[in-house]
């Protein structure tokens, strides 16, 4: 039976939840396929995550391997293929709790970086799981800056082999997933040396474990890097190589080849490869970043209508905590953020599909823009969504702190997304570099890519809003965001110029501007996200109340951004103090409006109870029963040896005789 | 041997590290005592935390119990007593990793709430550990709002007993520390009923486990609430009572007594009790909030001078990441925050000592102010320090994410401080209520407590700064903070009045202002923290460079607060856009100045390597060696059954025959 406090929230939805779900999925057919996949996965006990919060790192690893192996069988049974429509829902249905994800990266890197011959040899072996692959790039002392990698691969002409070495401890491979315990092979990135000359970083296929008994190969030292904040199910590993010899054919050689005599040959353009790395940043947004925030919102909002605390009106019963303005102000902007970035992701996917088509036609013009957008949005979306999950966790008070709420594991996992695939600050500076370049070009009247043409149109006007309702006009707020993005880019460009003109060296000047450059890059992405949300709402069908509620969320996303960052909008007087008060008033009004639809808005995300895996967020709202029943199953409720060993002697006072 | 990149940082300290340590400790004698305690604890292997990151919740609990029992012996050996000068350093030296903390709360509540007779009976039993106590207040469905607690205690005149019951699942006691597995007794807070009439919440001593065999007493269901984000060493518990009978004498009766015939008698003033609860919020700041931030700063800053990444200048070696402005902007403001709140804590301690003396003289005038300050600062300091630890964690990239960095456990533990002892938003609203009341009083010309007299002096001036150096003047920035605090309080008071005058009911009007009330309360505390830091610096001795570096940190703390919240200062034109640009310039300049002393500034916190328990933060900077050696000892580097069970069949292709 559904908790009546939760049930009542569903009776007053202003829109069709089912229609909104279909919109998020991209159509009713997609919803049907997704649900079928979820049903098949969740009804299979091998994929259960029920005991996850009680398991050790070792148990999590073993379960993930078991699931990965079982998944092969399941896909065969269900007739799912890697190119089928179901495939993209499998990982989501498993909540990513499965091993061998790097095996796919191993295969992709061979497909992208390998010659036709290499592809023909290795891909079938990998597909049939005759080996387990990993991808060894990051080193203990080297991350983002690839040129700094220290592992070496020296070509030995006499034996037609590469000799791989880890020259010092900071050169150990560190972090590669599936490498700590599972992988038999890996793609190692190393500095290539031929006849004593360094040719820079290249990829090599290296076998690290025996295919017979899984023992480490000669010269290989590998293991697990130990406990982490999350990802207990993944055996992130270390790898140390001592004179490990591999045949010449194992250097992936689509773009660069070493001939038998040691001649080094470059061939073709690496731009497609560069594009592939860029798309990885976009591809992780849906599953690794948006889904956790959507889950956190579902949990926090359902809990907030079930939990009652203190009295809002004297004499009445205790109030649902979602009726407090401060609670609304915590969780509802996160809900708006989840929707906003869902649509941003659609926009980016479309842009990258277009980019891919252009690149296949050998037109690489879009690359710099795509790189800037993928870098900036990877950083901005991971940052906002991570902060959002943490806010949801804290908004649930003590119960949010229990692993059984599901929120801690969502937080500790999404946090990693701010670091992997490019640390956020470094990515934002890449975007900023593009912005500065485009701003200079635009100022000089040169053409710039579509997403930055607005930089050319520096306006010195004022925000035209006259009352608080004007701030519910997308034109008004989108223009305000645009103004801020232009101002931050242009003022930082000016500071950079001034420093250089005053004699500061270019690299020093750049470093002295980086805090402000990061601000400019964030403002650029925020502007595009707001603009895209507003344009998406514009195009939605007006039926079934969907457009109306999405418009509210768009307004909330935009006004929350202004309210949280008023200085940027007030700075040059574009927005006046009186207008800022209007923003605040409209923003607070919106909270009360969206609060009414809060539960239907999270119901539309369509998470099953099993996928939420949360005592606080289940669809029936029976929070307290679930917490109690679940806690009773905790291993901490088994007998502890601590009583006989320590408590009994203490209580029976042997201690005082010490 | 010390990593030369770290060693070089220590050679250029602008001040005496040892003198700064003594300042932080409150004198060289305190430093000596603290170090002696740390030495005694850390040289004893029973107290080792070396394997902490590898242990399960059960292992952590057992270790904490073992340490608690061993501590009794240790104190006896060392001649340390609960009233001695060493006592306050023990908990810090153990990093809080010890059981039976609630036993002390149990004893304190009996001392404060019990009659002389009750104290005489129970305190010796507790002191000699003939029982293990806990404190059962929070319920599954009830936290902050004590009046909402549902546990009942019905007086049975015939048997001279109270009958305790948990009437429904939301009334279960939930969270009490030491109760899940250890405690034999607890103080239960329950609604008192006599002859069918409810007299509200009262405290009762209830035995929950046998003193003979530790089995649960009849009618008692208790256990552990399961896994949490941290505090694995504590057995936070649940408790369900079914007609549990306790003698009449077990109701703690210093303030309220039930006579044998059921007559209910109130006696004395509970104000001292109220004061005690208030001081708990202050007492946790040093150990639970400041120490974790100081540790996080130590780890992140030492790592930031050892880690090198990318090139700052073309042709040079890779740069220390602390030389990047963006990295400085992450970690150095956290360092300034740690120092700022250290001095705030000194200020609060002094204020509360004064308050205590007044209260003993039956003068309760300071109570409302002390309550407002303890509530507001508990919220503001936990909030800032938690955010600071998270920033430090993220500033260490991938390695910060490893438990071996020490940062994840600092974060997951300090996060709880935002929730326990009063959820932060609720506390800030308590402070805001005080501010609004005082603002109204001050406006009407009535006297108000010292910390809020500034509210009477609403000035409409402008910030007088003429260039960026003016913003290094404490008068300039302290006044700016004051202006913002007054503006936010007065404008919210005005909004509240307007709403009420326009016919909105008082409680609704209050709710509609809460987001802004929270802002006002934060601004008030931030102002006091800045003002206190500036005044503290003023009074420091000018020798040994201490005052100079503290002045830099004070400036950084103040300007970081403005830079991060420019809108509040720009809003009514008190600070102009041009002045805000000066703030930014001075702020960024300061980063480069403080960067030079960053390592000495964290060295002054004087953490031993054992207390940091971090591969990244050790005093010799041998980061990579430590990570590698430590990881090798992880239980995940033992043989996993996953190979025989899953990997072998997969690789040997039994799968493809499925």
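Start at 1 and count along the chain as shown; that gives each residue its number.
Note that Cβ sites are derived from N, Cα and C of the backbone, with glycine treated the same way.
What TrEMBL says about a protein is an automatic prediction, not a curated fact.
Here the structure is a predicted model, which means the values were calculated and not measured.
The domain 'Acyl-coenzyme A oxidase N-terminal' feature in TrEMBL is assigned to A:16-132. What TrEMBL lists as FAD binding site is A:138, A:177. The active site, proton acceptor annotation in TrEMBL covers A:421. The feature domain 'Acyl-CoA oxidase C-terminal' is assigned by TrEMBL to A:474-651.
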Composition by DSSP (helix, strand, coil) of residues within the domain 'Acyl-coenzyme A oxidase N-terminal' (A:16-132): 84 helix, 0 strand, 33 coil
Subset of recorded positions A:138, A:177, A:421 within reach of chain B (CB-CB under 8 A): A:138
CB contacts for residue A:177 (FAD binding site) [other CB atoms within 10 A, all chains]: 22
Between residue A:138 (FAD binding site) and the residue listed as 'active site, proton acceptor': CA-CA distance (Å): 11
Tertiary neighbours of residue A:138 (FAD binding site) (same chain, Cβ under 8 Å, six or more apart): A:173, A:174, A:175, A:176
Other CB atoms within 10 A, centred on the residue listed as 'active site, proton acceptor': 20
